[in-house]
């Protein structure tokens, strides 16, 4: 029996074909790995945590973005697995192609997160419509402080004086006009608007209200009649004693006596200034000092010997009877020199300007009667302002 030889195995494929197939498989695996890397990067970009304390719109955004995330991932996977069979849906495809961070040409290379904010890969010169809101710097010309025109206009504005009867009367009258305007139709509405305007009875009563109020006349009386003579007397007295006392300070007995009377007069004028301001101008921003600042005699805590002897009660202040201690306290008290600076520098400038303005402009306008209420309002506001300045200069700075 003849032995049939085994059929030889098929010849191996040529080296060139084997190398081509391995190269094809290698390229396929590398493309798949690259696609998976891109997908993972895309998922990481789209899954960035939201900023702290998101708004309501930000809380709702992840629901819609979750669906777009799945569509983007599927679109990327299909685009890498089937590069020649890429398809888009009707409306979502356009939105995904425009907003996807890896879509070619989508948004001009604009990379944004879920909230639409730019990330590290965002182009510097992008065509995005959303920008940083403008803010004002320290060098900006915009300011919250009122202008000079607004300040001048505020001097003549009407204010609420707190008279409940007049306010109630004005309120009832305005309600009556409103009801009459509603009941009268279009013509009644036009008449009601005219009556509630500047030429209405309520508006004119509100305008002429300062003519029947004591507070306006007290401010005008102080600024026009009392303020200038008082400031002039204080300035002359303190200026003379300050110059002579400082000049003759080399001759200690005479110079010390002049300085003593200088500080004593400054403290006396300061007490009178505070009394006048609280008497003629109200309401002010600060309450009156209590107890009032001493002029010369001080009060102190009682000593143990005075309490044991029965001359003083524990917890109550007693008057200082020593002339030397009172003099030393007056010379070392900063309020003495504070009063000097106020009456020599601050008070003359304010008083001179206000007196000239009131006598040159205010008095002629008051004589004309029609602008008198506006002038009284301006004078009262200026009086309250200068009263607050005097309190701050004489009392509050060393509190």
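Just so it is clear, glycine is given a Cβ too, placed from its N, Cα and C backbone atoms.
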Stretch carrying transmembrane segment according to TrEMBL (options 146-165, 166-185, 186-205, 246-265): 246-265
Stretch carrying transmembrane segment according to TrEMBL (options 85-110, 111-136, 215-240, 267-292): 215-240
For the transmembrane segment (246-265), sequence-distant contacts whose Cβ falls under 8 Å of one of its Cβ atoms, 6 or more beyond its ends: 234, 237-238, 295-296, 327, 330-331, 336-337, 340
